[in-house]
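Colleague: Okay, these came from Swiss-Prot:
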type	residues	note
BINDING	GLY106, LEU125, SER126, GLU127, MET128, THR129, PHE130	S-adenosyl-L-methionine binding site
Amino acid sequence: MQIHLVFVGKTVFPDVETGIERYVSRLNHYLPTRIHYVKAEKIPPRGMESAVLEKECERILKLIGGKSNQLIVWDRTGKHLDSLEFARVLERLSNGGTGAVWMIIGGPLGISRELRDRANLVLALSEMTFPHDLARLIVAEQLYRAFTIIRGEPYHK
């Protein structure tokens, strides 16, 4: 199985980018993991948000094309899982012969309805709102944590 992390827009804070890269490097010991960046649109005037989300959605769908075996979208409206439940989801996907898992973290306006509807799973990080850079770091860390749980390694306590 491969993991593809799709981020809308660039990571702003270099220290956060370093943290994301560190977790992705650790993840690569378990399975191939790649980060893909999709261009973010500028924040539009009020009432034009859906047009921006549609453009970003088009870019994401062009990137993943027909390659997506599993699409997981991170969105505030998603399901809440703890780390053990998230590990079980990934373990089922891995054991089920899933070739690739595409995980999408949207930009400042979130994720389009079309992407949420296409997703096999919509997950939320928290009831709280996080900066997108921090959300990316949390997802990368939780992926690493999940695979240490699956392997029975001592990282997760």
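Positions of Cβ are set from backbone N, Cα and C atoms, glycine also.
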Colleague: Write out the long-range same-chain contacts of SER126 (S-adenosyl-L-methionine binding site), meaning residues 6 or more apart in sequence whose Cβ is under 8 Å from its Cβ.
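Modeller: Once residues fewer than 6 apart are set aside, SER126 (S-adenosyl-L-methionine binding site) is near HIS80.
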Colleague: For a quick check of packing: other C-beta atoms within 10 Å of the C-beta of MET128 (S-adenosyl-L-methionine binding site), how many?
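Modeller: Within a 10 Å radius of the Cβ of MET128 (S-adenosyl-L-methionine binding site) lie 7 other Cβ atoms.
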Colleague: Taking the binding-site residues one at a time (GLY106, PHE130), which has its Cβ surrounded by the most other Cβ atoms within 10 Å?
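Modeller: Counting Cβ neighbours within 10 Å, the top one is GLY106.
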Colleague: Tell me the Cβ contacts of THR129 (S-adenosyl-L-methionine binding site) under 8 Å, same chain only and six or more apart in sequence, or just say none.
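Modeller: When sequence neighbours closer than 6 are ignored, THR129 (S-adenosyl-L-methionine binding site) has ARG76 within Cβ distance under 8 Å.
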Colleague: Sequence gap of 6 or more, C-beta under 8 Å: which same-chain residues meet both conditions with respect to LEU125 (S-adenosyl-L-methionine binding site)?
Modeller: TRP74, ALA135, ILE138, VAL139
